[in-house]
Amino acid sequence: MKLFGFGSRRGQTAQGSIDHVYTGSGYRIRDSELQKIHRAAVKGDAAEVERCLARRSGDLDALDKQHRTALHLACASGHVQVVTLLVNRKCQIDVCDKENRTPLIQAVHCQEEACAVILLEHGANPNLKDIYGNTALHYAVYSESTSLAEKLLSHGAHIEALDKDNNTPLLFAIICKKEKMVEFLLKRKASSHAVDRLRRSALMLAVYYDSPGIVNILLKQNIDVFAQDMCGRDAEDYAISHHLTKIQQQILEHKKKILKKEKSDVGSSDESAVSIFHELRVDSLPASDDKDLNVATKQCVPEKVSEPLPGSSHEKGNRIVNGQGEGPPAKHPSLKPSTEVEDPAVKGAVQRKNVQTLRAEQALPVASEEEQERHERSEKKQPQVKEGNNTNKSEKIQLSENICDSTSSAAAGRLTQQRKIGKTYPQQFPKKLKEEHDRCTLKQENEEKTNVNMLYKKNREELERKEKQYKKEVEAKQLEPTVQSLEMKSKTARNTPNRDFHNHEEMKGLMDENCILKADIAILRQEICTMKNDNLEKENKYLKDIKIVKETNAALEKYIKLNEEMITETAFRYQQELNDLKAENTRLNAELLKEKESKKRLEADIESYQSRLAAAISKHSESVKTERNLKLALERTRDVSVQVEMSSAISKVKDENEFLTEQLSETQIKFNALKDKFRKTRDSLRKKSLALETVQNDLSQTQQQTQEMKEMYQNAEAKVNNSTGKWNCVEERICHLQRENAWLVQQLDDVHQKEDHKEIVTNIQRGFIESGKKDLVLEEKSKKLMNECDHLKESLFQYEREKTEGVVSIKEDKYFQTSRKKI
């Protein structure tokens, strides 16, 4: 997702997150998500779009699965004809997709300027925002299209629109390092004083993202260089923390120009204030001011100060008050003060004080005896003066050390705060780079600490060196009074007559000098008090800033801990879900193996049933053939017997009767044998029919799953029942014929016993022949029934095979559906 945080050094990871949102050539289009009108809009087929609208006018604003209309897809693909067609049909122009992007935003995102112009001319709103809070102008800034931005602004786009990170298009152009767009937006009067969520100004962001060209443009626009963010850091602090010396020099030069302008404006008022102090007289100050000067200065100066002290003027004032102001100190390149007084009023007072001391030295008369005594007293007081100077200088050295310590600690604290606030804020880095970023921040903090320690050591060495130089200077000043006393003695010897005149002039010069010094002392005291108040205010401000930074650090640490806990919880939850899925996968695999085994077993059972059925059918056909052959043989034997009987003579009736009785007995035996075989075959058929019924019952249990095949099965079963009924009728008729045959046999027996005439025999034979014909008719009917039974069995077998295939396919479909639902 989009994160406009500034987490990496000069915005590298933030730039990557921005690119993730703003780059891309359009939508990811899947054909399954689109309707016909959407496919035509993607292809740019205006004729097909018009046909779709003619068929169904409701497709004009139809949405796909990603909530995109045909206008969205046409704008993303840059098809101007389709866009004009849809707009002329008065479709919804400001409809939003799943990312809350309008067709105008999508056209600007894909840099389709012609489509964007058509939408703007037909009243598209350029100030609508997507889910990231970006307007069409933000996307135009990213693509660095000034023409698109110009058209958006001319159609009412808000130039100060804010995204989710409170970035205006100008700030966003600075983040993306789009120098051309920065110049364009500033020409269109975009506000250069806008700030983001962390209250960072445009200049701070330009420094942060290492854009010296943009910094130069902003400085030309007279941007506020002294503006501060939430943590109290300005643009120069950003340049120092990121080691950007070039940008730091640009900012310093701009600050110097601003200070020069302010000094030129304030100079006249400072000179008037100094002239008022020069008009002060000697009586306006108490006599104890000169004695208490050092004490007052010591009390006014705080122990730790962060502002520079007026060191040069303070030293000169001490020398003059302590009696060492007879001559100016020798200038040395190594003795330059480390801090300079920026106030022009104080500089003017110090310069005028030095001029007065020089004049007093030039106007000194030749010393008389009183002057010699005074010099002797001053020589006696010289060790005390030396001790005072030494104490003052040692205090100055300690004070400068405290200043160095405070500045170094403040710098280190500021850098660590900058690292903490600027680097651990949750929007600064992506979650994947968090550990690497923490390591980098620790390394940078350690480097900054080492740099601060090195600076402290260097400053300490410089202070020690300056202390030695001050000691040498004090020794030289101690020798100056002795030399001057000798010179004064020689001058007194030469100029004794003019002693009174020179004494009067000397007193007058000293009085004037005293007035000037008192005025300078008052100025310095007031300045010291103001500096003290400023330092106290700054200390309070720094303490408040430190508290705020500590609170923010604590909040950020809590946020980091919460994030870590959430990450661990989500990882644990995902691990549990993964384990559950693995277990379910193993269970499903086991079920699949069981299903495969059961399927194989059922297939084997079906094959065995098929083989058994085929064997039973073949046995049944063989038995029918044997029965048919037996019947034919019986008919042949009957025909032969009839022919023999007809050809035999009447005289041989007894022999023929005996022969017939023998034949009848033989045929009866054969008939009985055939009857037994018929019974056996019938029993076997019954068994096989029972087996078929069991198979049909098994099949009926499986057929309950499919409702459509049930009717066919019932019809087939009804036909089988009819055939079995017919078969039972045939059996009953066969039994009836057997009974008739038995009755005929009994009649033959009676004939043999009674020895009746041939007519009875012929009648019996005729009845036997008729019964044979009836048997043939019954056999034909039984053949037809057997054929019907075979046809029904074949249809049943085919039906069972189709049914098993359908059941297997249904089971497989159900299994895959259940497995998909579980997954």
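Note: Cβ is positioned from N, Cα and C throughout, glycine not excepted.
The shown structure was predicted, so the numbers you read here are calculated from the model rather than taken from an experiment.
Here is what Swiss-Prot records for this protein:
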type	residues	note
REGION	301-343	region 'Disordered'
REGION	355-402	region 'Disordered'
REPEAT	99-128	repeat 'ANK 2'
REPEAT	132-161	repeat 'ANK 3'
REPEAT	165-194	repeat 'ANK 4'
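Away from its own ends, the repeat 'ANK 2' (99-128) comes close to residues 22, 24-27, 69, 71-72, 74-80, 83-84, 87, 93, 134-137, 139-140, 143, 145, 147-148, 151-152, 155-158, 161 of its chain (Cβ-Cβ under 8 Å, at least six residues beyond either end).
When pLDDT is averaged over the repeat 'ANK 2' (99-128), the result is 90. When the repeat 'ANK 4' (165-194) is classified with DSSP, helix, strand and coil residues number 16 helix, 0 strand, 14 coil. Counting residues of the repeat 'ANK 2' (99-128) by DSSP class, helix then strand then coil, yields 16 helix, 0 strand, 14 coil. Counting residues per DSSP class in helix, strand and coil order gives 16 helix, 0 strand, 14 coil for the repeat 'ANK 3' (132-161).
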